[in-house]
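Taken from Swiss-Prot, the feature (2R,3E)-phycocyanobilin binding site applies to Cys85, supported by similarity to another entry.
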Amino acid sequence: MSKTPLTEAVSAADSQGRFLSSTELQVAFGRFRQATSGLQAAKSLTDNAQRLIDGAANAFYSKFPYTTTTPGANFASTAQGKAKCSRDIGYYLRMVTYCLVAGGTGPIDEYLIAGIDEINRSFDLSPSWYVEALKYIKANHGLSGDAASEANSYIDYAINALS
């Protein structure tokens, strides 16, 4: 079992033969509210994924128009290139939804950051392209309140990792 502040509090209380304190219970309720917001955000992003991906790709093409005219397998000058671009944007969006469900940055840390520099160099991809796509998603996801705060924190984390 992975350690979290909640599992550590339970373990400490159990080893001391006591019930959780009111402070520890408040932390648990706070985590529950955060988890609920994260799950709401993940569901909304998933339900709107195609719209967000398409819009992010168009924002990407507008900011970096050379990507749609430069020939090559790693550019969006062909239908296949545009499909790859959308696939990659979808990958970043999926990582954000995984973080929202997990309640931490682990999915981005393990699946995105770990090899992103090597992948981008190998395939001549610019991280700034995906930063622009993530900025579009953040500005257009349609979330509000705690769900928006949760989603934005992981989107910002991914943007910072790529910057």
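Any Cβ shown, glycine's included, is placed from N, Cα and C.
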Output, ordered by sequence, the same-chain residues six or more apart from Cys85 ((2R,3E)-phycocyanobilin binding site) with a CB under 8 Å from its CB, or 'none'.
Ala57, Phe60, Thr67, Ala76, Trp129
Going by DSSP, give the three-state secondary structure for Cys85 ((2R,3E)-phycocyanobilin binding site).
helix
